[in-house]
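These features come from TrEMBL:
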- C:K165: active site (ACT_SITE)
- C:S234: active site, nucleophile (ACT_SITE)
- C:R54, C:S85, C:G86, C:R197, C:S234, C:A235, C:R329, C:S348, C:G349: substrate binding site (BINDING)
- C:E302, C:A351, C:Q354, C:G355, C:P356, C:G359: Mg(2+) binding site (BINDING)
- C:1-105: region 'RU A' (REGION)
- C:257-370: region 'RU C' (REGION)
- C:T325: site 'Important for substrate specificity' (SITE)
There are 4 protein chains.
Amino acid sequence: MRTTSAGVVRIATKGPGDVSGLMSMIDSGAIDPREILAILGKTEGNGGVNDFTREYAVAALCTALAPRLALTPHEVEQRIAFVMSGGTEGVLSPHITVFTRREVEGRPALLSVKRLSIGIAQTRDFLPEELGRTAQIVETAEAVKAAMKDAGILDPADVHFVQIKCPLLTSDRVEAASARGNKTVTTSAYNSMAYSRGASALGVAVALGEIAPDVRDEHVLRRYDLFSTVASTSAGIELMHNVVIVLGNSASSVSAFEIGHAVMDDAIDATAVSAALQSVGLGIASQAQAGRELVNIFAKAEASPDGTVRSFRHTMLEDTDISSTRHARAAVGGLIAGLAGTSAVYVSGGAEHQGPPGGGPVAAIARLSD
Amino acid sequence: MRTTSAGVVRIATKGPGDVSGLMSMIDSGAIDPREILAILGKTEGNGGVNDFTREYAVAALCTALAPRLALTPHEVEQRIAFVMSGGTEGVLSPHITVFTRREVEGRPALLSVKRLSIGIAQTRDFLPEELGRTAQIVETAEAVKAAMKDAGILDPADVHFVQIKCPLLTSDRVEAASARGNKTVTTSAYNSMAYSRGASALGVAVALGEIAPDVRDEHVLRRYDLFSTVASTSAGIELMHNVVIVLGNSASSVSAFEIGHAVMDDAIDATAVSAALQSVGLGIASQAQAGRELVNIFAKAEASPDGTVRSFRHTMLEDTDISSTRHARAAVGGLIAGLAGTSAVYVSGGAEHQGPPGGGPVAAIARLSD
Amino acid sequence: MRTTSAGVVRIATKGPGDVSGLMSMIDSGAIDPREILAILGKTEGNGGVNDFTREYAVAALCTALAPRLALTPHEVEQRIAFVMSGGTEGVLSPHITVFTRREVEGRPALLSVKRLSIGIAQTRDFLPEELGRTAQIVETAEAVKAAMKDAGILDPADVHFVQIKCPLLTSDRVEAASARGNKTVTTSAYNSMAYSRGASALGVAVALGEIAPDVRDEHVLRRYDLFSTVASTSAGIELMHNVVIVLGNSASSVSAFEIGHAVMDDAIDATAVSAALQSVGLGIASQAQAGRELVNIFAKAEASPDGTVRSFRHTMLEDTDISSTRHARAAVGGLIAGLAGTSAVYVSGGAEHQGPPGGGPVAAIARLSD
Amino acid sequence: MRTTSAGVVRIATKGPGDVSGLMSMIDSGAIDPREILAILGKTEGNGGVNDFTREYAVAALCTALAPRLALTPHEVEQRIAFVMSGGTEGVLSPHITVFTRREVEGRPALLSVKRLSIGIAQTRDFLPEELGRTAQIVETAEAVKAAMKDAGILDPADVHFVQIKCPLLTSDRVEAASARGNKTVTTSAYNSMAYSRGASALGVAVALGEIAPDVRDEHVLRRYDLFSTVASTSAGIELMHNVVIVLGNSASSVSAFEIGHAVMDDAIDATAVSAALQSVGLGIASQAQAGRELVNIFAKAEASPDGTVRSFRHTMLEDTDISSTRHARAAVGGLIAGLAGTSAVYVSGGAEHQGPPGGGPVAAIARLSD
């Protein structure tokens, strides 16, 4: 087994088209563009169907990286896994997190401690009618296993965050399925985002053994007791396949970073956020910890489907002015930013089958200065 | 000096017109309607100019209380101070907090400990052109002093929360001023809410000696270093005067409740929220405290005017889809709900001159079971 | 057959709680409150699930009318059919249209011309799981026939507008059905509004013979070729049954008003709007017509489900910031207001099975001065 | 004087990043990219401060055109005048209108009829504190005159549409001015768009002699009786100078197109829209006209500042959920689309000093097939 070193940098952006921060780090040699494996970003659109800040950010990054990699922009998009999560409601601050990986030679195959490791894989393109259904679950589960292997992670317990980028339905796609005589799981673009996120998350749960593999079409968005504690899925208009990024700790990594996670039971679960920080040796509200520094925190948020938070009614699901995903990101973002002591955190909306109903996974990455 | 006993009850509501919870408590004898002094509520509108849930809630409460008080609905509205803050973004849960007060006879005039006490006062009606200007500041300061006296609070340091309900401008009101040859401070209804809240808060600061009394028109919404640490002001379309409610601890109170506060330096100041809880003997995230129980927490939230939170950019002020007050309530509401362990908390938007720029006061009331 | 006289008055409102215009007309004797049969209003909320301006307007009207009718507010709500359509996007102006009816004695049973006549009926309460399904269709069809009879209209061709107020699903109602082991047609409150409106419209089409009576559950929101050309249905949270108001011309009416209608084939069908005006002898853009005056125009609007208007793409269905019903009301409202020469028109959103996909009925009422 | 031929093509887009329609026409030879002078587009963002679809569309067009023009994307942006107006509310359909111009040799210097001609000019960069003030007015007036000259238009009466792209304020820009000790006209980004649009429109009015040249700072957004009947101004975050495009008819043009205009007195002025169509020989609702075909219609829309449309109240200015510019575009777009018979029309929001208060210019371009 090869030994790798994973790197993570969080870079603030001034707008969805702003690539200056990343380009500076490449110019200064702080980042080698050839080592970039994935870029996760928070962009400032509405996070819904018509959020064009995601594709704009990806286009800007691909155009800027192309000459540095001697590739066309399209080839850059194929090479690097881009996941842009729209929606920086409340205090959330637009930024990107750049993940790099390089192979390290002349080291023992297995180290005494496990450190951050990253793996990537992707599924085939889906048909519109496959979204939100078993095909998407099964293909995603395979891709998660492939990504774990790519990351050198053997034990599912060492997987702390699985980020997936998945497709959504548009009027065109629904019609294409219909023209073939097939019905899509929904005809609403907005609703399709939930189905696609949900099926993708169930795929993660299957891959990691969190649920039995016999999950079926009718469980998606219904059996909310079936979920993954580490899945984070985002739907976007710009692709028709799933991209899977596995983040975990591996004995074959010599990274300076460590990842851990916890599960928020509901949207106000401060205890879980604290536990995620503690899992990588950090305290709350940026309290100084010798030798450790927070790089970023990654979480999923959603409006509890039962309409309540600890028995008090919330109004997120019945608001026609603001979508519930925006409400949930704002609230959970406020809590996490408060406990993490920074507002440039990755909180993504729509946590169907990602953590328990109304809750969601929360992962933290720390840099070790030793 | 008379001895009083102040009571506080938080009641969940099923909608802006729902009065059933309060009526049940009156029917059961838990609340004597004649002792109701003030009702603070969170209603589920947008909290902006066209938020009709506030006036609807007040109308419903007045209509329901009228027969119990043998008054007309209009007389009820004159007798009880109603402050409805619109906007239950994110996890925030619609509810009302009912404050009662009764006189207690046969007790020592001054007690050894200070307990919750409430006082009320109001200004004269303002002209539209007085809103957001010195007249509103000066009149409010007088009303705060009157409310302190009404509460039996002698020391400004014992004042922990001053809730004010103040007017806003509408097209009609701007035109009325214009017809008299006078210009209002702004012609935008939305912007007028900020001016009115700001001037009212400066009035509190003057009354409590937090700032010098020579504050002038041009300081409003400009000199953000001038602020009160206990003011909470909400603008509503339904009145033309300021209603002032002072909450503090008094040696002439035999209440079973205690109030304390802290000041959030920014929107993610978890430490301040913890301090507010601790000031009344409570821990974070609903950790059990012998003999003490949280009744409610009251806070103001706003988008930092400099566009950043701890040096990271926020997007609240440049969002044309969602007003910054909604963003701020959602985020701060998420943080406070997480630390308080309950989402039925009172977080109100628009914290101009209420706490430092981007921050705001946060007060907690605990019930003592001894 | 009795002879009746129907009256129609359009009254501008200053807010959802404003009843002053109607009260003035009652005070002056222009309206006899005992003759009020129905009040259709446009209120300025978002027209969605959390639009409380509808129930607030109804509550204010009932409270104000109660003493004039020597009834309780609740009894007023039972006696008069209130239909408040939320959403005054664009130029649309908040107003109510008050329909009155009185019996006239000593007239021939059948007159030589047909004039405006109004009839009312209502269904039983529905179970949540019946909404959007056959039960709602069948019951509505029966109620339409009853309302026609009440109006003295024998020929379906004389029916020009059928306004229905129907229920929607809330989290509570979905749960209640679920507790009985039944699934509702959707779990989304917002989506349930479309199902309820659609099934109600199909009920009208069945009653008037516009479609065959064998329409089934699976046709609702799918077979958009099945529709009524005169149905207008609005969903509201405040009831669990359908209220049906039939407007048409009858030979047993001596009203000073006449109604006609046309069908918009799409959202920009200016020709149909002109035709509706012409059907009652009016020209476009308020051109003077001897002896005839527009009272109001009533129309339904929706975003074309195929995503286009005359082959050009629209963006209404993929907008996460503004619901498509709001977009559609604004656009169709702009067109109708321009052609009618007044912005206080009744344009209601959500035209499922009300006119062809993307189009909708448009009816006009004129006052004859002869 | 040179003889030119102006061309105009309207091309539908599938999204803000879609350039395929234009590229096809270039590939087929229908458009020579070297002749492109200006591209006006409607993109599907919110049209407000955080509408990134405008800059995304420009970036996509520049990147796509660069190889065809042997320029860098940045050089393309300098060469072609791009004006993207955000907001396709209601039925409005995203599209671009491409304006081309080529010189024609061997023709008489002055022709017997006047045909479409286009001219372009731009101002210097403004300081943030100059926006919305006299400097912007004066510089714009100079640029309008330069653009008229560029278009070969001598008589101001032959100018039918002046499109201007102008800057807005951001937090950064306000702070930069403040750091120099200068105050900007407003600190709100959203409000700054109105000031910049207003001052630019006044510049047009000055240049064309529609108002006296002594207009001053304090008239901007106050003296609404001062306006241009042909100005159309759009604010965008992506520039700091004004770009001016003059469209009119010129005797030195051999174009196959003709332009005309009218002025809407209010947002429901159907008569003016008809007049604009008639000014280029067209009827309403796409009625066939021998030898003439509508290419596009260009209009400005705004919520009447006095809060009414023909004495009925509108709610656009007091809506905290949807900005008034979105409301106005939706309504006016609905009316114009209905009368023009197509929804791919250019309706832009914010008509300060562009036409009378609440109204705005409306121009039509027809293609002559003779």
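Cβ atoms here come from the backbone N, Cα and C positions, even for glycine.
Annotated features, which come from TrEMBL, shown on the structure.
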{"residue": "C:G86", "record": "substrate binding site", "Cβ contacts under 8 Å, 6 or more apart": "C:K42, C:T43, C:E44, C:G45, C:N46, C:G47, C:G48, C:D51, C:T53, C:R54"}
{"residue": "C:K165", "record": "active site", "Cβ contacts under 8 Å, 6 or more apart": "C:A81, C:F82, C:V83, C:T233, C:S234, C:A235, C:G236, C:L239, C:N242, C:V243"}
{"residue": "C:E302", "record": "Mg(2+) binding site", "Cβ contacts under 8 Å, 6 or more apart": "C:A267, C:S324, C:T325, C:A328, C:G349, C:G350, C:A351, C:E352, C:Q354, C:P357, C:G358, C:G359, C:G360"}
{"residue": "C:R329", "record": "substrate binding site", "Cβ contacts under 8 Å, 6 or more apart": "C:G47, C:G87, C:T88, C:E89, C:G90, C:L92, C:A301, C:V347, C:S348, C:G349"}
{"residue": "C:G355", "record": "Mg(2+) binding site", "Cβ contacts under 8 Å, 6 or more apart": "C:F227, C:S228, C:T229, C:V263, C:M264, C:K300, C:P361"}
{"residue": "C:P356", "record": "Mg(2+) binding site", "Cβ contacts under 8 Å, 6 or more apart": "C:Y224, C:D225, C:F227, C:V263, C:D265, C:D266"}
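Between the listed binding-site residues, namely C:G349, C:G359, the fewest other CB atoms within 10 angstroms of a CB are found at C:G359. Taking H, G and I as helix, E and B as strand and the rest as coil, DSSP gives the region 'RU C' (C:257-370) the counts 30 helix, 37 strand, 47 coil. Note on C:R54 (substrate binding site): other Cβ atoms within 10 Å of its Cβ, all shown chains, come to 26.
Taken over all pairs of the listed substrate-binding residues (C:R54, C:S85, C:G86, C:R197, C:S234, C:A235, C:R329, C:S348, C:G349), the Cα spread reaches a maximum of 16 Å, rounded to the nearest whole number. In sequence order, C:G47, C:G87, C:G236, C:T325, C:G350 are the residues of the same chain, not among C:R54, C:S85, C:G86, C:R197, C:S234, C:A235, C:R329, C:S348, C:G349, whose CB sits within 8 A of the CB centroid for the substrate site.
Across the residues of the region 'RU A' (C:1-105), the predicted structure has a mean pLDDT of 96. According to DSSP, the residue listed as 'active site, nucleophile' sits within a strand segment. DSSP gives C:G86 (substrate binding site) a strand state.
The recorded positions in question are C:S234, C:Q354, and the one with the fewest Cβ neighbours inside 10 Å is C:S234. Of all Cβ atoms in the protein chains displayed, 27 besides its own lie within 10 Å of the Cβ of C:T325 (site 'Important for substrate specificity'). For the region 'RU A' (C:1-105), residue counts in helix, strand and coil come to 35 helix, 34 strand, 36 coil, using DSSP. Within 8 Å of the Cβ centroid of the Mg(2+) site, not counting the listed residues C:E302, C:A351, C:Q354, C:G355, C:P356, C:G359, the chain contributes C:F227, C:V263, C:M264, C:K300, C:A301, C:E352, C:H353, C:P357, C:G358, C:G360, C:P361.
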